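Copied from Swiss-Prot, the annotated features are:
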- 1-10: compositional bias 'Acidic residues' (COMPBIAS)
- 12-22: compositional bias 'Polar residues' (COMPBIAS)
- SER19: phosphoserine (MOD_RES)
- SER24: phosphoserine (MOD_RES)
- ARG167: omega-N-methylarginine (MOD_RES)
- THR212: phosphothreonine (MOD_RES)
- 1-89: region 'Disordered' (REGION)
Amino acid sequence: MADDLGDEWWENQPTGAGSSPEASDGEGEGDTEVMQQETVPVPVPSEKTKQPKECFLIQPKERKENTTKTRKRRKKKITDVLAKSEPKPGLPEDLQKLMKDYYSSRRLVIELEELNLPDSCFLKANDLTHSLSSYLKEICPKWVKLRKNHSEKKSVLMLIICSSAVRALELIRSMTAFRGDGKVIKLFAKHIKVQAQVKLLEKRVVHLGVGTPGRIKELVKQGGLNLSPLKFLVFDWNWRDQKLRRMMDIPEIRKEVFELLEMGVLSLCKSESLKLGLF
């Protein structure tokens, strides 16, 4: 026992055995914290968190707002207007108003006053109860006498202006009861050249002409049709096409009508040798 106690017993202890328990405890805690930091797995972002949150969320809303705005600002269609109110027959005031609107940006104020037509140059308008034959009989009761006295070529006694060639053929078929033995000429561009119509007007006497304003204007311009003997100019005013448009609702037709009126029609109306009718 004495020999054992005499030895330097602390030298034989293993390394770290002499350290205080407090020190060992502190070092152990530090090591565990480092190990925990190294071993804790870093959370991997999921597929949902990788995608930006604002993607494709705002743009569809803006598109919906834009579509609603354009719907609010859209122009009224003719079908919308007709659905709310019954169609009204055309009146001379309607033609006068269209003329003022058309020439307001092209003429001076003094010149616009010269375009005003007296009420005496207008015939009774169609009240939407007439067929074409019955309307023509009402506005021209002495047609047979006029037809017999007409012998001048390159001219007609009555012009009926419509919007298309198809409509012109319909009008020609519907006026059989009125025209009698009167000669009718088709005045439109479909399948008929201008020169062929000029030669036809030069060869024979014609009483009635039915066609589009563009072709009639071209014939007058080329000297194939003389408007001086003309007594009646009737507009196919109230008829509507598949899009429910009247002839004066179509910009191209409206422009050609006013250009034709300037080629001597207005002066004939003011001299009271020509009457205007709205069918």
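Cβ from N, Cα, C; glycine included.
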Assigned conformation of the residue listed as 'omega-N-methylarginine' - DSSP reduced to three states: helix
The residue listed as 'phosphothreonine' versus the residue listed as 'omega-N-methylarginine' - Cα distance in angstrom: 9
Local backbone state of THR212 (phosphothreonine), from DSSP in three classes: coil
